[in-house]
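Undergrad: Below is one structure. I have some questions about it.
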Amino acid sequence: MKLRLLLKILMRRLILQGICNECSFQCGALCLCTYELIHHSVFFACTCSELVTSYSHHLVKKHDMLLDMLFESGTYKKLYSYKHLINGFSVHTTAEQAEALRRAPGVRSVERDWKVKRLTVHTPQFLGLPMGVWPTGGGCDRAGEDIVIGFVDSGIYPHHPSFATHNTAPYGPLPKYRGKCEIDPDTKRSFCNGKIIGAQHFAAAAVASGAFNPSVNYASPLDGDGHGSHTAAIAAGNNGIPLRMHGFEFGRASGMAPRARIAVYKALYRYFGGFVSDVVAAIDQAVHDGVDILNLSVGPNSPPATTRTTYLNPFDATLLSAVKAGIFVVQAGGNGGPFPKTLVSYSPWITTVAAAIDDRRYKNHLYLGNGKTLTGLGLTPATLSNRTFTLVAANDVLLDSSVMKYSPSDCQRPEVFNKNLVKGNILLCGYSFNFVVGSASIKKVSETARALGAVGFVLAVENVSPGTKFDPVAVGMPGILITDTSKSMDLIDYYNSTTSRDWTGRVKSFKATGSIGDGLKPILHRSAPQVALFSSRGPDIKDFSFQDADLLKPDILAPGALIWAAWSPNGTDEADYLGEAFAMVSGTSMAAPHVAGIAALVKQKHPKWSPAAIKSALMTTASTFDRAGKGMQAQQYSSSETMTLVPATPFDYGSGHVSPRAALDPGLVFDAGYVDYVNFLCATPGIDLSEIANFTSSSCKTYHGGHPSDLNTPSIAISHLVGTRTITRTVTNVAEEETYTITTRMSPEIAIEASPPAMTLLPGASRKFTVSLTVRSVTGSYSFGQVLMKGSRGHKVRIPVVAMGYY
């Protein structure tokens, strides 16, 4: 059996301040100083110089020499050399060869490859961007100017108007970005146009696995899924793009940073997702090319089992090096909610995003002839006003020969029905498990109903599997999805009681009637945002045995439910939008690019801020209240497995819902860097110190003890609090001189106190403060609180606190 492996080769690094200062002068944010000791001489390189190219070639030759020395030619296939962020390579080989590599001198670790999965018309207004944020950066025509956002995703559809340049100011050259643009093998045209500044694809592991199919996966950056085009448009799509479907306009689409550049690194594919080998290669290339922000709407299927610690694997280690190079990394938190410990983004150097429902909701109504009104979903027009139509069930209008061949109640095939019985009526269909797995679609129901001459259709849900989410789907004819099973039974009872049959069960006459309302206009709710049911929850875990980490995750909440954005006509990720130019999709995949785009606006205003400073600005200014001024709520399951609302906690939303305008001027930031993250790893109990050296090329020898909660994050999390613990945080003033008063709040089971109670900071100055937590009583559950710093100039800096007390 062949294996794909990620190897980290023994490599020493030396950071000399003078050389790195020169490197920073040449490269800006991207400064990686490396050295090689050859014949007692030291050779240095930084990633933007000619030396780095030579050094990269040197590493590739080292990788090839090792493989050639160990194995016969033709018995293995090297897929990638990783030479910018980690020193290693990916190889397709046998289990026996993998073991030989593991024992080879100079090899630090061998990891088996694993799979990863894919984890806006209204949201710019919901987030206050047009009036509150874009004007500060020169308006929507300049929002995100010269910021490059890299997307490791399923590619892009370059011909979409969200990425067009013919109606925008010309995009000039951007020397800091060094990426390349692949040529479409079919059209012979470049995938880039100025807005799209880079486009590459990575599929070596997918090809080696046998999962890659060129006819549907495309050996190019072309999006064969839809997901990549959608996420890119959310973060950086053009402003004011008319969103039209089926003859209706649903508004005008815009990205969060409509002037930002898009760099595409395709590593995800139709049907199977992707492999970490390809994703790591894409990230490695993106950072070398010079992206400012990296959006990852992708994550593992489960905690990595190859390493004991969730933070230490090739994927997270690569991202740590990316952050070291000055790249702000955003990752989707996962769609395993509403259950605890379902996050698939673990590390402190990554900004983990949860998904919220915004204030826009779509509803529709089915009006029955017996006077009952049933609510449901249906982004569709109404049936003719002041008219009712006969209801006919799919199973009652079948052609006899087709009964046993298909699942007729799904209404996916018009040829199995008697058109004479359906024409002019409303077709009743059943929502089966086929819709959940994607083999049936609402789009296909509408096409069937139209082909049969029906005036509309109804889909009734009789059984709900836990975790099933129902989204309204835009179709061009009247239709409604009844999601409440009790309402579906009302419909079925009415239909059966009014339908007369002969002794064989065949219908003699259809007497049930009804009409479908207009579902095209959204309803705006003040009880928003809410944490979406599907959004993965904390607490964060530190190992694959699901032990709680002393790190709060997710970090932040952003819109991720029913998000309109660009789609690829080739896209198959959502069966209801096959062939469409836009799609309305839900997931933390949609929440992450909201934060990536907003981070681009922060980066534009504060180009010298570190990734940790940008993350801090987003987190400390986030809101924990909804639009009605009440504490935010989270969707959750009740005991009967129906959806209900409960008070949200930091394990649902992190620091709160992103507030872009406040994030541009946070007052104070909690900064951290590479050394701080290594110290965090050194402080984490149970970590094998050799693993830290393997994945970071750094040692814990200079570490003098402490606790993971000592990391200077804008949050505090302690999973095992005994007695009293005092945590220190350092804040840096990024505004004018200001005096801050510090107040605290915590659940009564744990006492909290901050010191000093007030402090004054000059511009650019840093100050330390402490937070002491003391166990008062043990409840067996987490307690939640906050530290709030109010500035004399109006700034508010808030950090969440979570802790579980033990005797």
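Using N, Cα and C of the backbone, Cβ positions are placed for all residues, glycine too.
In case it's useful when we look at the structure, here is the feature table from TrEMBL:
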type: ACT_SITE; residues: ASP153; note: active site, charge relay system
type: ACT_SITE; residues: HIS227; note: active site, charge relay system
type: ACT_SITE; residues: SER589; note: active site, charge relay system
type: DOMAIN; residues: 58-117; note: domain 'Inhibitor I9'
type: DOMAIN; residues: 144-629; note: domain 'Peptidase S8/S53'
type: DOMAIN; residues: 710-802; note: domain 'Subtilisin-like protease fibronectin type-III'
type: SIGNAL; residues: 1-18; note: signal peptide
Undergrad: Looking only at the domain 'Inhibitor I9' (58-117), what are its DSSP counts of helix, strand and coil residues?
TA: 22 helix, 22 strand, 16 coil
Undergrad: Write down the Cα-Cα distance for HIS227 (active site, charge relay system) and SER589 (active site, charge relay system), rounded and given in Å.
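TA: Given the Cα positions, SER589 (active site, charge relay system) is 8 Å from HIS227 (active site, charge relay system).
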Undergrad: Taking the Cα atoms as reference points, how far is HIS227 (active site, charge relay system) from ASP153 (active site, charge relay system) in Å?
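TA: Checking the Cα atoms of HIS227 (active site, charge relay system) and ASP153 (active site, charge relay system) gives a distance of 7 Å.
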Undergrad: Summarise the model confidence on the domain 'Subtilisin-like protease fibronectin type-III' (710-802) as a single mean pLDDT, whole number.
TA: 97
Undergrad: Counting every protein chain present, what is the number of Cβ atoms, excluding its own, within 10 Å of the Cβ of SER589 (active site, charge relay system)?
TA: 31
